Amino acid sequence: MSDKDEFEIVNEKIRARMDKIGRKIMIMSGKGGVGKTTVTVNLANELSAMGCKVGVLDTDLHGPNVAKMFGIEGASLMSNDGVTFLPVEVNENLKVISLSFALEDQDAPVIWRGSMKMGAIRQFLSDVEWGDLDYLLIDTPPGTGDEQLTVCQAIPELTGTIIVTTPQDVAVLDARKSVNFSRRMGVAIIGVIENMSGLVCPECKTEIPVFGKGGGKRMCEDMHVPFLGSVPMEIDLRIAEDKGVDFLTSQGSHPSAEALKKIANEINYGTACSTSRDTSFLGTPFCKPSACSSCTADCPSRKK
Ligand SMILES: Nc1ncnc2c1ncn2[C@@H]1O[C@H](COP(=O)(O)OP(=O)(O)OP(=O)(O)O)[C@@H](O)[C@H]1O
Ligand SMILES: [Mg+2]
């Protein structure tokens, strides 16, 4: 069989798996360390708490952090048939795949070229038993390279991208490239999140603009892309992630937790119901009547 035939067979398998998944969302940023994995993990926790079936795919092959932030470090890849893999369950609504599950030594570097990364990501999409999901959230490393390109090309019906940036000019400069990457790939931009938008002092609760404020929002206005919200920096969020506990349910009220919950809500209900912009790319809305009491949108949930 030629390489081309094999490539097409994998494409077919990916198509069959992706057909069972509602929304496939890639989380990306131009700059590293701005909070992509934080956003992915917290949105996944919140969406699963809302009752959605969520899968998380970690495509950051060189620095996989997803398992640690979910508190499932040390889990191993399992298989029922020796051919396909089972994702690791965080709870009954949430499953995860990461290369870290296949590494015996967590300190060992993954030294791979583009073609190997492409093969691994395609295998995660084709050979993992994702089952029926409402969401597949795909965490990526920084940039617009092999991993992002592979995801966009392997999943032609990708719902959209969420772009994460901090407010500072250097991060925004790189985030603009993520916006243009999405446009070039013909992928919808669900919205931009401004993370680390001010540091809330744990003592006096005043906000210190460590990376500035508003840079992400200004970029959205300038580039005409939706703004999903700002998430402040908080020490308790960082501690929860290092411990692998669910920040949004394990803690009391925090500005960053409130912001992340609001964004999850916006993605699950608000965007689907929004009449202020074209959200048709999101496909069938996941509106629940209880969340739609004040909404006048003509969506399937309201018709029920
Ligand atoms: N709002 C926040 N408040 C406090 N700490 C945060 C916040 N957002 C992210 N962090 C912390 O900042 C660090 C970087 O975040 P994260 O790993 O999510 O970024 P990333 O964009 O995924 O990085 P990479 O480019 O390496 O994949 C982590 O230690 C995380 O816990
Ligand atoms: Mg990351």
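Every residue, even glycine, has its Cβ placed from backbone N, Cα and C.
What TrEMBL records for G30, K31, G32, G33, V34, G35, K36, T37 is ATP binding site.
Least packed by the Cβ count within 10 Å, out of the binding-site residues K31, K36, is K31. Among the binding-site residues G30, K31, G32, G33, K36, residues whose Cβ is positioned under 6 Å from ligand 1 are identified as G32, G33, K36. The Cβ centroid of G30, K31, G32, G33, V34, G35, K36, T37 marks the ATP site; residues of that chain outside this set whose Cβ lies within 8 Å of it are S29, P142, V164, T165, T166, A171, N195, given in sequence order. With respect to ligand 2, the binding-site residues G30, G32, G33, V34, G35, T37 contribute T37 as residues with a C-beta closer than 6 angstroms to one of its atoms, given in sequence order. Under 8 Å, Cβ to Cβ, and six or more positions away along its own chain, G30 (ATP binding site) finds P142, G143, T144, T165, A171, L173, D174, A175, R176, K177, S178.
Around G33 (ATP binding site), a 10 Å sphere centred on its CB holds 13 further CB atoms from the protein chains shown.
Around G35 (ATP binding site), the same-chain residues six or more apart in sequence whose CB sits under 8 Å from its CB are S29, V164, T166, I193, N195, M196, V231, listed in sequence order. Taking the Cβ of G32 (ATP binding site) as centre and 10 Å as the limit, one finds 13 other Cβ atoms among all the protein chains shown.
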